[in-house]
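Read the structure below first, then the notes.
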Amino acid sequence: MRFSLSLIGLVASGSLAAAHPSHCGAEPSEDFDILSKDITDKLAAEASEIHAPIEVTTFFHVVASSKSVADGYISDKMLQDQLAVMNKAYAPHGFSFKHGNTTRTINPTWATGGDELNMKYALHMGKYADLNLYFVKKLADNSHGSCPYPSNPYPGTPGYIKDGCTILSSTVPGGSQSNANRGLTTVHEIGHYMGLYHTFQGGCSTELGDRVADTPAQKNGTVGCPSSRDSCPDQAGLDPIHNYMDTSDDVCRTEFTPKQAMRMQEMYKEFRAGK
């Protein structure tokens, strides 16, 4: 969405659009808006550039209620296919994901959204530059996935340990989730890990939006896969229903925009690289 903003207006507004309730539980905080303001301003001034390719070490954590796929115990093949989907989506934008390790845990409480912090304290691997993906049978908010936005936490603190995405296991390739079993929930949540908002952040507002200049304004998340949609008719452009950061069906989502790619590169460089 094209935008203009000031730090004062940004904080005072408190306008943080809620995600489509059945898809994504990630919610940006005002602190994240403030932390990322310099990058937002840099991109608005078109002063950014694509950096050298970034390889992200990725740790898979399968957390299930039993050793049944129905209870979240997805196979190594499904994880390999998920990694392939991630790399296909992000490779054109300067990112690749390298498998670091896989853990498997049977814990009915953790597998159904309970005691998340202790789960992550027990399972978290690597550094802040790395990516931890937790595949569970059910999330506490019944969404398909959730992922904290980047910040500047101290190692070992809850904010550091909670970093990483929690994903509904049935959304991986070959999973059972209707219209969302091609692995794009994970692609979407990694977008938040990289600092992207939803494309419908801020709704039809011309002041806020998703802080990316080449995604048209969008009132709310897309349901299904319409042939076309224009939820902000007074703003230029049609809804970006094919964008990975919308909430369309998996079959509908195929792209990031160039400005989204630039934002991810800048955000990773600022908040994660070397940390």
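From the backbone N, Cα and C atoms, a Cβ is placed for every residue, glycine too.
Out of CYS165, CYS204, CYS252, the record in Swiss-Prot bonds CYS225 through a disulfide to CYS252. Checked against CYS225 (disulfide bond) by C-alpha proximity, the recorded positions HIS188, GLU189, HIS192 yield HIS188 as the nearest.
Most Cβ neighbours within 10 Å among the disulfide-bonded residues CYS225, CYS252: this distinction goes to CYS252. The closest partner of HIS188 (Zn(2+) binding site) among the recorded positions, by CA position, is CYS252; the full candidate set was ASN101, ASN220, CYS252. Minimal Cβ crowding within 10 Å, among the binding-site residues HIS188, HIS192, is found at HIS192. Here the glycosylation sites are ASN101, ASN220, and the one with the most other Cβ atoms within 10 Å of its Cβ is ASN220.
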